[in-house]
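For reference, the structure discussed in these notes is given below.
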Amino acid sequence: MSETAKKVIVGMSGGVDSSVSAWLLQQQGYQVEGLFMKNWEEDDGEEYCTAAADLADAQAVCDKLGIELHTVNFAAEYWDNVFELFLAEYKAGRTPNPDILCNKEIKFKAFLEFAAEDLGADYIATGHYVRRADVDGKSRLLRGLDSNKDQSYFLYTLSHEQIAQSLFPVGELEKPQVRKIAEDLGLVTAKKKDSTGICFIGERKFREFLGRYLPAQPGKIITVDGDEIGEHQGLMYHTLGQRKGLGIGGTKEGTEEPWYVVDKDVENNILVVAQGHEHPRLMSVGLIAQQLHWVDREPFTGTMRCSVKTRYRQTDIPCTVKALDDDRIEVIFDEPVAAVTPGQSAVFYNGEVCLGGGIIEQRLPLPV
């Protein structure tokens, strides 16, 4: 193949997806090396932090495949460009998605630059479940073949240039196939469970972790009717649509239906709740998004029909998108949607193609 001599640096996380990605690229004739990124300085020796075990697994896989493993420390870049923004958003009462920020600032910026400049790479590769297709000289981002594992939601900030320099080998496979390949090869990561922790926190307890950096401020929990029914330990621990962990049961006069967070009054440190997962206060007819990133990097003007996800693993929502100005859009859903959360990302699709997205600035509530 013509790509034979091309050098690919695979971001090795110590998980099964990046392990199999490295092997697949070897089979395709690339010159493959691995890179393990250290993005967080463990300052606590907590058992939740799995970085050392992940590095050992990445090294074992590279040894088995006969490829070199480089390591790099991006902790300073991570702190400045991901973590501080993450804390600022929480402080402002919003719910950010750090994995999206990490992909934008670390995996497809710091890693991409380091691989090209320091390691002489032609491409980088990751274990993300997405695909790329080159159309009219521009690379497009497509959903992963395994719709259950598709991760395009987390990669919407990438430009066509970044996608052109990236390979996503497992995006063409389904997860069970990936595990089967790892088992057949005898890789230590074959049965390792997928990480669920936020990228820098690993599997540790989120509330405890956040409390170290942002002092919690307890406040009132009130109903949509204005009745005080409890106390929250800090607005930052709660997100719209949340049901668990509120510590309140049904009220004497009310029903036994569960309570849901419908609003956060940051100014007065009040958590607003209502009963029922389809309460009108939980529903939105649309949203305003900002900090837009379109994969083709063409400015968006006018209006378009497409579908949107306002959180990961959500079913696509048909919608109409209208440009408000250079960096803001209005999105109107065909049907009302529950728990649209400021700080999270709205990501747009045309069929299999991920068009891009933006940060939800505000939700447009159901008219009362």
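In case you wondered, yes, glycine gets a Cβ from its N, Cα and C as well.
Annotated features in Swiss-Prot:
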BINDING   Gly11, Met12, Ser13, Gly14, Gly15, Val16, Asp17, Ser18, Met37, Gly127  ATP binding site
ACT_SITE  Cys102  active site, nucleophile
DISULFID  Cys102-Cys199  disulfide bond
SITE      His128  site 'Interaction with tRNA'
ACT_SITE  Cys199  active site, cysteine persulfide intermediate
SITE      Gln344  site 'Interaction with tRNA'
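Sequence features annotated in Swiss-Prot and their locations in the structure.
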residue	record	Cβ within 10 Å
Gly11	ATP binding site	24
Ser13	ATP binding site	23
Gly15	ATP binding site	20
Asp17	ATP binding site	24
Met37	ATP binding site	26
Cys102	active site, nucleophile	25
His128	site 'Interaction with tRNA'	26
Gln344	site 'Interaction with tRNA'	24
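When secondary structure is read from DSSP and collapsed to three states, Met37 (ATP binding site) falls in the strand class. Per Cα geometry, His128 is the residue among the recorded positions Cys102, His128, Gln344 nearest to Gly11 (ATP binding site).
Ranking the recorded positions Cys102, His128, Gln344 by the distance of their Cα atoms from the Cα of Asp17 (ATP binding site) places His128 first.
Nearest Cα neighbour of Ser13 (ATP binding site) among the listed recorded positions (Cys102, His128, Gln344): His128.
The recorded positions shown are Cys102, His128, Gln344; of these, the one with its CA atom nearest the CA of Gly15 (ATP binding site) is His128. Those residues noted as binding ATP (Gly11, Met12, Ser13, Gly14, Gly15, Val16, Asp17, Ser18, Met37, Gly127) have their most widely separated CA atoms at a distance of 16 Å.
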